[in-house]
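What follows is a short report on a single structure.
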Ligand code: KIV
């Protein structure tokens with residue numbers, strides 16, 4: 001196993017121009033597999049609301065949901081750095097509540113850092129959480145918790161005004177102390193410019209190849225979640241088909257008496273069982 005990935009590894013990777021890999025994880029066994037594959041960081045994203053809980057968007061995800069899934073992922077990850085997403089309303093009410101909720105993800109969820117969405121509007125919260133010694137990742141561009149303000153899942157920063165706002169927000173987040181920024185669904189050239197201007201790494205999702213790292217939702221990457229597949233997703237496996245085929249084979253073998261066979265069955269001596277008849 002190579003060295004544990006930490007906040008300093010993010011900084012070192014940016015300096016050494018080494019790409020940072022990140023995938024989402026929501027449960028123990030998947031976290032363990034991704035960790036074995038040596039992905040650098042695991043994000044317990046609030047996307048779990050959609051891919052794990054079947055909601056239409058991420059807005060219904062609660063702190064309790066996040067703590068529950070962060071605990072599971074933290075137990076499965078040995079090398080990867082685990083980041084917990086702060087859900088909708090967990091950092092919007094007051095600075096005090098924001099710090100307390102970030103602290104819960106660390107203390108109860110066992111994660112190493114938190115992520116929250118937004119730029120200038122959440123700068124005070126970011127500074128307060130960082131002051132509490134909790135590493136923070138920012139998230140700009142298409143921030144799914146603002147879906148009702150955006151009017152849908154749309155590419156952000158396509159005109160001068162919105163592109164400038166994202167760039168300024170990135171600089172403000174860096175000043176406030178975040179150690180990396182996720183850029184979601186922004187034009188490639190804007191992500192490139194931001195990545196060049198920042199001293200901290202950018203992690204892209206639908207933001208092109210010039211980011212310092214990439215993140216994907218694991219269920220998208222493995223072809224397991226098919227309700228909606230964004231343009232930026234590349235499927236590296238078709239587990240959907242593999243799971244359906246395996247399930248069909250199990251049902252058929254069970255119905256035909258092929259499963260369970262002797263090798264999957266426990267035996268008892270005949271003279272013992274005969275006494276019970
Ligand atoms: O919730 C999530 O999974 C995310 C990533 C898509 C960046 O925020």
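Each residue, glycine too, has its Cβ placed from N, Cα and C.
Note: TrEMBL annotation is automatic and uncurated.
For residue 85 (3-methyl-2-oxobutanoate binding site), the count of additional Cβ atoms within 10 Å of its Cβ stands at 29 [all protein chains shown]. If you look up TrEMBL, you'll see 46, 47, 85, 115 marked as 3-methyl-2-oxobutanoate binding site.
Taking all protein chains in view, 29 other C-beta atoms sit within 10 angstroms of the C-beta of residue 46 (3-methyl-2-oxobutanoate binding site). Here TrEMBL flags 46, 85, 117 as Mg(2+) binding site.
Residue 184 (active site, proton acceptor) falls within a strand when secondary structure is assigned with DSSP. Neighbour count (other Cβ atoms within 10 Å of the Cβ, all protein chains): 23 for residue 184 (active site, proton acceptor). The active site, proton acceptor feature in TrEMBL is assigned to 184.
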Within 10 angstroms of the C-beta of residue 47 (3-methyl-2-oxobutanoate binding site), what count of other C-beta atoms is obtained when all protein chains are considered?
21
Distance in Å spanning the most remote Cα pair of 46, 47, 85, 115, given for 3-methyl-2-oxobutanoate:
12
Tell me the Cβ neighbour count for residue 115 (3-methyl-2-oxobutanoate binding site), meaning other Cβ atoms within 10 Å of its Cβ, over all protein chains shown.
26
Would you mind checking how many other C-beta atoms are within 10 angstroms of the C-beta on residue 117 (Mg(2+) binding site)?
24
Starting from the Cβ centroid of 46, 47, 85, 115, the recorded 3-methyl-2-oxobutanoate site, name every other residue in that chain with its Cβ within 8 Å, sequence order please.
24, 43, 44, 45, 48, 58, 61, 66, 84, 86, 87, 139
